[in-house]
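Beneath this line is the structure, given in structure tokens, with notes to follow.
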């Protein structure tokens, strides 16, 4: 039999009835209140709070009173002091003895860069370090005089006042510039402006420090060769003869610890603007270098350095230093590297 291609097989149609209930709930409308209208002053205050206090500075201190939180945040010694042990003390003593061999020649040479007496460099290596150990948040930052701030202070002050002609006035301006540098630095920390440091690019800092290193090296040539006055007719033979025959006498050095210098602060007179300008410039440079060095070594040990807290610590140690015969100080990379490699913990 042939196959009929036009044949259609019958099929059954199955109807499926859904058993979904026909009940539908009515739409419920909830009334939402509009946010309360704020004044312009309230909006500005809220915006400033978001900028300067994006993170709570006291978030790490739970179940404490407000006064206790403030003390723990400002004075870091209350955080690490109870955890300090004899093993940590032994490591810190070894690192301190190691870094002393670096602090003394650095303090003397950097003071000469600032056209200051060598003893001022030694004074500046003592008091600021004590202040920072109580307030600072970095475990490895070694504070003291640095080359860049010393060079800038010496060049700016020497434009108007010469240490050889008026040493008392020069010292007054140096201490006053240190005071204003510390005041500016601590004010940035109080106002929570630590993010300002992030706007200084790495290329700018590296270029500036490289140029400063060359200038510092050239500045030391006159002291290395014993040249006091440069003339246009200097010959190589007389210069070499004078180098080997010249003998400098230091004289008497004052005994004791840092003498007070609060009575030498210069707050009125024709050179006050120079002291303020020098303090602002050296304050920015030293603050940038100190925070950069602190963050570098903190990243190696996986702990955080609070930029705002560092600003307050560096600023307060410079204010205290200006009253104890010290000039501008900050965190030094060479001192911090020695601290880190010598096994310092706190």
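Quick reminder: no glycine exception, Cβ is built from N, Cα and C everywhere.
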Pick from 69-93, 169-193, 219-243: which range does TrEMBL record as transmembrane segment?
169-193
Overall pLDDT of the domain 'SLC26A/SulP transporter' (250-345), taken as the mean:
87
When the domain 'SLC26A/SulP transporter' (250-345) is classified with DSSP, how many of its residues are helical, how many are strand and how many are coil?
58 helix, 3 strand, 35 coil
